[in-house]
Amino acid sequence: MEFWGLEVKPGSTVKCEPGHGFILHVSQAALGESKKSDSALMYVKVDDKKLAIGTLSIDKYPQIQFDLVFNKEFELSHTSKTTSVFFSGYKVEQPIEGDEMDLDSEDEEEELNIPVIKENGKADGKEEQKNQEKAVAATASKSSLGLEKKSKDDSDDSDEDESDDSDEDDSDDSDEGEGLSPDEGDDDSSDEDDTSDDDEEETPTPKKPEAGKKRGAENALKTPLSDKKAKVATPPAQKTGGKKGATHVATPHPAKGKTPANNDKLTEKSPKSGGSVPCKSCSKTFNSEMALQAHSKAKHGAK
């Protein structure tokens, strides 16, 4: 900052120049010594424009304070014919916007670009670049390992969920297979009733042993329509004539269209004689053990 001041004599005009790179602040104006009461109206002219900035009076306002800022040439004048007017202020350097921006950018570049200096005092830019590349590669490898591990964990979880779902489906299917629908039960009971009725009608006139074989084949062919009913085994036959009947008959899948493998064995073990077999629960008699079993299961719920 630099002090500034000048005198404007009566009837004269003074040009003022702030100077290159400076700003001029006019902060005060005062009247000089005078023996008569006098007043002065002050003017400033900038770019062909003349403006009044104040009035000085020895009796009332011998001085005035203000703050006028000029960055280019201007002119000062007043109307007093007997007394001079003194102006005072100060000058400061005007900052350049481009220089400030350049200084800031240079400081930032110096902070960012700090080279590695060896013992011999020379900067080693290649070594710094290699270190940066190594750091970037290490970070990338860690991130890729983390992603692979996460994807592996997700796949394991999905496999476990699928296995659990399949186990639940299998258990549901097995539970459904164990129970029989009412329609299937009705079909079986109706078939057994028909068989028992046929046996009752044929009881008075027993025929050749071949009739028992045919009935055994018919009963063997009446297998359940669902593959789930194949799990139910036929009950063991009662002892007739000191011999045991077939203990278990497994029925094949109906889709294959084959008759049971042990069909011949069942027919062979059926009674060959035309004698009657009485029911222990009621007074009815049957001409074969198979007919008695079908009757007992249908009428008396034998297991």
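Glycine too: its Cβ is placed from the backbone N, Cα and C atoms.
From a predicted model like this one, the values you see are computed outputs, not experimental measurements.
Straight from Swiss-Prot, the features:
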- 100-112: compositional bias 'Acidic residues' (COMPBIAS)
- 119-133: compositional bias 'Basic and acidic residues' (COMPBIAS)
- 154-203: compositional bias 'Acidic residues' (COMPBIAS)
- 204-217: compositional bias 'Basic and acidic residues' (COMPBIAS)
- 100-282: region 'Disordered' (REGION)
- 277-300: zinc finger (ZN_FING)
- Query: According to DSSP, how is the zinc finger (277-300) divided among helix, strand and coil residues?
  - Reply: 12 helix, 4 strand, 8 coil
- Per-region confidence, the zinc finger (277-300) (mean pLDDT, whole number): 83
